[in-house]
Amino acid sequence: MRFVDYVSIEVVAGKGGDGIISFRREAHVDKGGPDGGDGGWGGSIYFVGDSGMNTLLPFYQTKKIFGYNGENGRPKRQTGANGKDIFIKVPLGTQVFLKKSLICDIILEKKYLIAKGGRGGLGNFHFRNSKNKAPRISENGELGQNFYLDLQLKVMADIGLVGKPNAGKSTLLSLISNSKPKIANYEFTTLVPQLGVVKIYENSFVTADLPGLIQGASSGKGMGIIFLKHIERCRAIVHVIDFGSDNKNPIKDFIEIKSELEKFNKKLLDLNQIVIANKCDLPNFQFNLANFKRKFPKIKIIKSSLISAKQNEINIIKEKMFGLLGENQKKLEIQEINTSKIEFNLKAPFLIKSRNNGFFEITGELIQKIIQKIPLNSQENILRFNAKVKKIGLWDELIKKGIKPGDLVRIYEFEFHWN
């Protein structure tokens, strides 16, 4: 399956159902009164973390997600049915961004609210009072939340394998896990992160094989800048370094890799790290190993020839790697964020655009919310709408801008002549 770790999508939660104007009409029931029911809630959109997924490919093919609308109210005070909520599976490690701000970090196998459905409108039964016993007032359902989102996947792995291209990372992953990455004797065989579950006794952990890093990866060279983000969630790092091949300098390789990790995220250097010194069967190995130990005496090193490793060597490597994940191992900070607090941003109540030909166009989130919520289908609803817009100062502002009787005013889809 194609690996996709970044997509842009639009989510539109369901609109709430409209409340209705209705009066009880039954034989032998005089003056039955208002009985218009409320609209149902619009369906919300949730993301659900799924450990079985490892790509955002489904979102690459589906750019828009729409929620189900709530049903309109009915006579006899019957509330319309709520719109069905939508639950969409996403890979664990998916981050959701709204206007470049992180609003949701999906790190657990549970549901996360992404877009909330609109509230259902009230029927005329709710507007009865001692002064108005037969109100012809109702409300439309509110629109569901509508967001343009960026999704970014950072794989959820306990240990990240890093190293220069063709150092043996894919070979190691194939030996210690059930993963079957592509292995070949040329650089950049691994083009996307590969995950494998490593079992050791009654325990297990997830290891990620990241594409080979080169000097300058943190600033965009090679493929490193694309995939370095995937190591940010790891709890430990294993360096796989070629100690035996000709023209290889393990000290230089190790310094360059650590430098790229530090430039990308300094916290990565705080993680437990070990080095797997690969290709111990080649002539240059002992010389390079001795120099490396003198330069980095405190670094833990595991000697191996991965291509011909025996099972007991593989078990030792697995034990050493598992040992990096002790209970006291400090994890990188992962903040779980939920979008339930996201609301529409009502910065300005309205914006007036005027033209020389006596035309005024009114826009703005608050005025849009008012015109959308109050249906202009009765005299009482029109009076209620008039009171709402007068309260926010729209009429006064139009007068200041020189509106004259007969001028045309447009508020989204609603037009009228000023009187």
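In case you wondered, yes, glycine gets a Cβ from its N, Cα and C as well.
Now, the feature entries from Swiss-Prot:
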- 163-170, 188-192, 209-212, 278-281, 315-317: GTP binding site (BINDING)
- Ser170, Thr190: Mg(2+) binding site (BINDING)
- 1-156: domain 'Obg' (DOMAIN)
- 157-334: domain 'OBG-type G' (DOMAIN)
- 342-419: domain 'OCT' (DOMAIN)
(Q) Measuring Cα to Cα, how far is Ser170 (Mg(2+) binding site) from Pro211 (GTP binding site) in Å? (A) 9
**Q.** Which of Asn166, Ser170, Asn315, all binding-site residues, has a Cβ with the fewest other Cβ atoms inside 10 Å
**A.** Asn315
Q) What number of additional C-beta atoms lies within 10 angstroms of the C-beta atom of Lys279 (GTP binding site)? A) 22
Q: Looking only at the domain 'OBG-type G' (157-334), report the model's average pLDDT.
A: 80
